[in-house]
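Listed features, source TrEMBL:
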type	residues	note
TRANSMEM	16-35	transmembrane segment
TRANSMEM	74-92	transmembrane segment
TRANSMEM	104-131	transmembrane segment
TRANSMEM	143-163	transmembrane segment
TRANSMEM	184-203	transmembrane segment
TRANSMEM	247-266	transmembrane segment
TRANSMEM	287-309	transmembrane segment
TRANSMEM	329-349	transmembrane segment
TRANSMEM	403-418	transmembrane segment
TRANSMEM	424-441	transmembrane segment
TRANSMEM	462-484	transmembrane segment
TRANSMEM	504-520	transmembrane segment
Amino acid sequence: MKTKTKNPNHSRKGELVILLAYAIAFYVFIIGRSLEIANDHFSKLNGLRPGWLFSSYSLNDVSDAQWRNVRSNLPILTAVFGAFAMVANMLRAYFQLKARGMSVIWLFISLIYLCYLHGACIIFVLAIASLNFLLVKIFAQRNYFPFLLWIFNIIVLSCNRVYEGYSFSIFGQRWTLLDNYRGTFRWHICFNFVILRMISFGYDYYWAHQDSRFDHEKHVQRCHICKSGKLCYQILQERNISESFSFIIYLCYLVYAPLYIAGPIINFNAFASQLEVPQSNYSSRDVVLYGLRWIFGLFLMELMTHLFYYNAFAISGMWKLLSPLDVFIIGYGVLNFMWLKFFLIWRYFRFWSLVCGIETLENMPRCLNNCHNLETFWKNWHASFNKWLVRYLYIPLGGSRRKLLNVWVIFTFVAIWHDLEWKLLSWAWLTCLFFVPEMVVKSAAHSFQAKSTFGEFLFRELSAIAGAITITCLMIANLVGYVIGPSSFNWLISRFPTREGLPVLSGMFITFYVGTKLMFHIEDAKQRWRLTT
C-alpha cells in the first residue's frame with residue numbers, strides 16, 4: 001500500500017500565506033499606532049515645520065539636519081549638476097576626449113564647485129591632496145608604504161576633526177582675513193570621503209607595481225555581467241591603468257563634483273577607466289528610469305515625514321516618556337527613516353554620476369527590512385564603503401584568516417571615520433560584540449549538513465531564531481550609535497524587563513522571527529529565478 005509523502009513545497013506555500021498575513025497585520029498596526037502617537041504629541045516635538053501635503057495646516061518633520069540641508073538645496077543642486085553634465089558630455093562628444101582631456105574638464109568644473117562650497121578653504125583640500133600624492137610617488141615601492149599611507153591619512157582625518165578644519169590665523173595675522181570666506185559647507189566634513197579616495201589612489205598605485213593575483217578568465221566565467229559582454233565593477237577596479245596615475249587625473253578623482261559630497265565611493269582604477277571610456281551598463285532609458293524611481297522614493301520620504309515624525313521624537317527626547325511598545329515603534333521608524341534618507345542622498349548623486357558616464361557601486365541595493373544578519377546588513381547598507389573596506393583594509397589585514405580580529409579594527413576605523421564621538425565608538429564595539437557570535441555560529445552552520453527533511457526544517461527554524469536575535473541586536477546598536485547615545489543605553493534596556501515591557505519584547509521577537517522567515521522565502525524565490533534564467 002502506497003503512503004502519501006508530504007510535499008515540502010506545499011507546506012512552505014501555506015507557511016508563506018500565514019507569514020504574509022502576519023506582516024500585513026503588523027504594518028497596518030504600526031502605521032495606525034504611529035499616526036496616533038504623532039497626533040498625541042506633535043505639539044511637544046522639536047523640528048516640525050509647516051508642510052505642503054494634505055493641507056496648509058499639515059506639519060513636516062525636518063528635524064534631521066542632514067536631510068533638511070539636502071532637501072532645501074535639491075533645486076539648486078539639480079540645476080548645477082544638470083549644467084555640469086551638459087557641458088562635460090557636450091565637450092566629450094565634440095572633441096572625442098579621453099581620460100586626460102576629461103580629467104582637465106572635470107577638474108575645472110569641480111574646482112568651481114568647491115570654491116562655492118568651501119571658499120578659501122579649498123587651499124587646505126589641495127595642500128593635503130598634494131602631500132598625499134608626493135607621499136605615494138616617493139614611497140610606493142617600499143614595503144612599509146601601506147603602513148605609512150594609513151598613518152598619514154588617519155593623522156589628517158583626526159587633526160581635521162580636532163581643529164575643526166583649522167583657522168587661517170595659525171599661519172599669521174595676514175591670513176586671518178581668509179577666515180571670513182570659508183564657503184557654505186565645512187570642508188573637513190566632505191574631506192572624509194577624500195581621505196578614502198587618497199588611500200584608494202595610494203594602494204592602486206602600489207599594486208600597479210606588483211604582479212596581479214586577479215584571475216580575469218575565472219572571473220568572467222562566474223560573472224553574469226561580464227558574460228553578457230559588459231564590464232562589471234570588479235573588472236574595472238582590477239584594470240592595469242599605469243598611464244593614468246598623473247596628478248591631474250588624481251586631483252580630478254578626489255574632487256569629482258557628482259560624488260564629492262556623499263559618494264557613493266568608487267576606487268581610483270574604476271574611476272580612471274570610465275574617464276577613458278564612459279560606462280555602458282546603463283542605457284539612456286535605464287538612467288531615466290533610475291531617476292524616476294528616485295522621485296518615487298522622495299515622495300515616500302515626504303509621506304513619512306508629514307505623517308509620523310519619527311526623527312523628531314528621537315531628537316526631542318520624547319521617546320523617554322512613551323510606553324515600551326511606542327519606544328519600539330519609534331525606534332523602528334527612526335531606522336527606516338535613516339535608511340530612506342541615505343537611500344535618497346546616495347542615489348541622487350549616483351544618478352548624476354551615471355548621467356556623466358561614471359558608474360559606481362550601488363549603496364543600499366537591499367531594503368533595511370530584508371536583512372536578517374549583520375554581515376548582510378553591512379554589505380547592503382553603505383555597500384560601496386563595505387567594498388572599499390574589504391579591498392583596502394580587510395584583505396591587507398589578512399582577510400578571513402584573522403576575521404575575528406579584523407572586525408574590531410574595521411569597525412573602530414568606521415567609527416573614527418564618521419566622527420570622533422564616544423557614541424559612535426560605542427556603536428562600533430557593540431556591533432563587534434554582536435558580530436563575533438554570528439561569525440562563530442555561521443562557521444558552525446556551514447559545516448552542518450542536513451540529511452533529512454526534519455533536519456532541514458530544524459536548521460531553518462534555528463536560523464530564523466538566530467535572525468530574530470540578530471535583528472534585535474542590530475536595532476539596539478544603531479539606536480545607541482545614532483539616536484539615544486551610550487548614556488541612555490541602560491535606560492532603554494531597563495524599560496523592557498517589566499510587566500509592561502515583556503509582552504512587547506516577546507511580540508518584537510516574534511515579529512523579527514516572522515520577518516526572517518519571509519526573507520528566507522524571498523531568497524528561495526531569487527534562487528529559483530536564477531536557476532531558470
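Including glycine, each Cβ sits where the backbone N, Cα and C put it.
What TrEMBL says about a protein is an automatic prediction, not a curated fact.
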(request) Select the range from 16-35, 104-131, 247-266, 287-309, 329-349 that forms the most Cβ-Cβ pairs under 8 Å with the transmembrane segment (74-92). (result) 104-131
(message) For the transmembrane segment (329-349), I need the partner stretch with the highest count of C-beta pairs below 8 angstroms, choosing only from 16-35, 104-131, 403-418, 424-441, 504-520.
(response) 16-35
(message) Six or more residues beyond either end and a Cβ under 8 Å away: which residues meet both conditions relative to the transmembrane segment (184-203)?
(response) 116-119, 121-122, 124-125, 128-129, 132-133, 135-136, 140, 145-146, 149-150, 153, 156-157, 160-161, 164-166, 245, 250, 253-255, 259-263, 265, 267-268, 385, 388, 391-392, 396, 417-418
(request) For the transmembrane segment (104-131), could you work out the same-chain residues 6 or more beyond its ends whose Cβ comes under 8 Å from its Cβ atoms? (result) 80, 84, 87-88, 91-92, 97, 152, 156, 165-166, 168, 178-179, 181-185, 187-188, 190-191, 194, 198, 248, 250-252, 254-257, 260-261, 275
